[in-house]
């Protein structure tokens, strides 16, 4: 492989910026740029050491940056290649000049995610662990971070490998029974034994799939839409949850003319919180566009926060909103409890049909804790805190597990219908192959390229 280089820290002003190199020529290329005290070179440095010095243009001798350089030699590195990390002062100009020097001296600009891709290709991590790196970077809550860390440390991989080993052992027994039925010292693979083996694998796959809903919520966040008539307090609710002003809050109906989105962490539940323009008919063309977008977002939501005005009677528009969210996960919020109550609370509970109803005065910052508790109780059962739980959150993994379960079901149905054992073997082999796709065994190169292209440069 050639040697790659990239800036591994976010662009912009900061205390430190890092230029990373990986590959067989990493140390040699860095040495061409490095000027150490008393003529010290990086080539003579031991692995996993850090060295003070300067980066200089090898053609002009001009000093570009004062640096600390880490030397990490293969195979005890993230990529299992020689790795150099040049710690520069944070900024844009100097760190870019250091990168350009590395490219001029023989390195190639890394593609997005190429460092992690090399870690995968060199056997340092498997595909599910590589995907967990991105999950860790994108984690919005402590629980999401813990999920990613467990996967990155190989908990899911270990379970998948164990299931594959069990399937492979079963397949080997089937093969021996087919090819050498006369051998007395080989355990006979009866239909009953085959059912036991296949059912055991199915049970574990189903257990993983039961964790997928909460896992996906932690990974991607709940698409949460705030709806209500104009001026009932939707934008105030958004700002209360986000703890900063994101939307215009006035007494004028219709001041939110578009969809406003923000990530918030509500007691460990990540919400992609969306404030919508009031869903009503309007003559204002700009506001009408916002209303149309609101309706589309509503259809795609995981959770609805339906806001009502506690100081006004229920209107026909309010009732229509209840009808629009029929069958969806909804929390009803009666806002403006600081004003005289005019709403029919019993009628609201009737329309809510058993779904949570909370009261708030967002102006006085009252009732937010009750709302957060309602959100937590809807989507968090406590299972995520279990340190022993292994589960899936990645959409690709979930899809593969569903296919693997179907393959096991097909095998069990075949056994029940007394089909030839070699036909059952095909379905079990299919399940074994599918599970291998989770950890990166026998996956197409285009899929690998597509997965790593989602990473940032330098990772």
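Any Cβ shown, glycine's included, is placed from N, Cα and C.
What Swiss-Prot says about this one:
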type	residues	note
BINDING	20, 85, 124, 459	(6S)-5-formyl-5,6,7,8-tetrahydrofolate binding site
BINDING	231, 250, 252, 255	K(+) binding site
BINDING	231-236, 250-256, 275-278	GTP binding site
BINDING	235, 256	Mg(2+) binding site
DOMAIN	221-380	domain 'TrmE-type G'
Original post:
Using DSSP, would you call residue 235 (Mg(2+) binding site) helix, strand or coil?
Top reply: helix
Subject >> Lowest local Cβ density among 231, 235, which the record lists as binding-site residues, within 10 Å >> reply: 231
Subject >> Nearest of the binding-site residues (231, 234, 235) to residue 20 ((6S)-5-formyl-5,6,7,8-tetrahydrofolate binding site) - Cα to Cα >> reply: 235
Original post:
Among 20, 85, 124, 459, recorded (6S)-5-formyl-5,6,7,8-tetrahydrofolate binders, what is the largest CA to CA distance in Å?
Top reply: 19
Subject >> Which listed residue (20, 234) has most other Cβ within 10 Å, given these are binding-site residues >> reply: 234
Original post:
So, in DSSP terms, is residue 20 ((6S)-5-formyl-5,6,7,8-tetrahydrofolate binding site) helix, strand, or coil?
Top reply: strand
Original post:
Do you know offhand how many angstrom separate residue 234 (GTP binding site) and residue 459 ((6S)-5-formyl-5,6,7,8-tetrahydrofolate binding site) by C-alpha?
Top reply: 39
Subject >> Integer mean pLDDT for the domain 'TrmE-type G' (221-380) >> reply: 76
Original post:
Out of 85, 124, 459, the binding-site residues in the record, which is closest to residue 235 (Mg(2+) binding site) when you go by Cα distance?
Top reply: 459
Original post:
Hey, what's the Cβ neighbour count for residue 124 ((6S)-5-formyl-5,6,7,8-tetrahydrofolate binding site) at 10 Å?
Top reply: 18
**OP:** Tell me the Cβ contacts of residue 459 ((6S)-5-formyl-5,6,7,8-tetrahydrofolate binding site) under 8 Å, same chain only and six or more apart in sequence, or just say none.
**Re:** 8, 112, 113, 115, 116, 133, 134, 137
**OP:** Under 8 Å Cβ to Cβ from residue 85 ((6S)-5-formyl-5,6,7,8-tetrahydrofolate binding site), same chain, six or more residues apart: give me those in sequence order, or none if nothing qualifies.
**Re:** 8, 18, 19, 20, 21, 69, 70, 72
Subject >> Rounded Cα-Cα span from residue 231 (K(+) binding site) to residue 124 ((6S)-5-formyl-5,6,7,8-tetrahydrofolate binding site), Å >> reply: 55
Original post:
Any idea what DSSP makes of residue 124 ((6S)-5-formyl-5,6,7,8-tetrahydrofolate binding site), helix, strand or coil?
Top reply: coil
